[in-house]
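*Asks:* Taken from Swiss-Prot, the feature active site applies to Asp118, Asp136. Annotation comment: Swiss-Prot describes 9-29, 63-83, 88-108, 131-151 as transmembrane segment.
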Amino acid sequence: MKKKYYISISLLMTFIVLVFDQVSKWLITISMKVGDSYEIIPNFLNITSHRNNGAAWGILSGKMLFFYIITIIILIVLVIFYIKEAQFNLFMQVAISLLFAGALGNFIDRVLHGEVVDFIDTNIFGYDFPIFNIADSSLTIGVIFVIITLIKDAIINKKEV
């Protein structure tokens, strides 16, 4: 019999992502000055200490109250979505856990520091991608997983009709 909710997996996933996110940001803040950069893989990956008081690409810089309110709403919506829409679907529950962990990780930074610590600096196919962190990666992977699940469900539902 399939379990309705995989709470322990979801909580563990959220906890692991949050720990890696917060510890990595702490290590960056204690060991590097803003702007310091270390090349890890030439022409591909650097660790660069950066701060962002906005969202992706620095949009809405300095709008902390907005981010506090929106993040709290998003976290509540994710919990509701998990309960109402993710029953019996481990993949969707993992996706929501990744989204929750990513949103919470950056929220913690905003509350404690007034900005988000970013440090993963990549050059992908010649494009100097904006600097990001583990929470951002978790959000991105979570969104991809949600999209995959929705497409898969749409295909299955179409076959059943």
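From the backbone N, Cα and C atoms, a Cβ is placed for every residue, glycine too.
Note that this is a predicted model, so its numbers are computed, not measured.
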*Asks:* Take a look at 63-83, 88-108, 131-151 and tell me which one has the most Cβ pairs under 8 Å to the transmembrane segment (9-29).
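*Replies:* Comparing 63-83, 88-108, 131-151: 88-108 has the most Cβ pairs near the transmembrane segment (9-29).
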*Asks:* Tally every other Cβ atom lying within 10 Å of the Cβ atom of Asp136 (active site).
*Replies:* 21
*Asks:* Can you tell me which parts of the same chain pack against the transmembrane segment (63-83), counting only residues 6+ beyond its ends and a CB-CB cutoff under 8 A?
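*Replies:* Residues packing against the transmembrane segment (63-83) from afar: 5, 10, 53-55, 93, 96-97, 99-100, 103-104, 106-107, 110-111, 114.
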*Asks:* Rounded to a whole number, how many Å is the Cα of Asp136 (active site) away from the Cα of Asp118 (active site)?
*Replies:* 9
*Asks:* Does DSSP give Asp118 (active site) helix, strand or coil?
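*Replies:* DSSP call for Asp118 (active site): strand.
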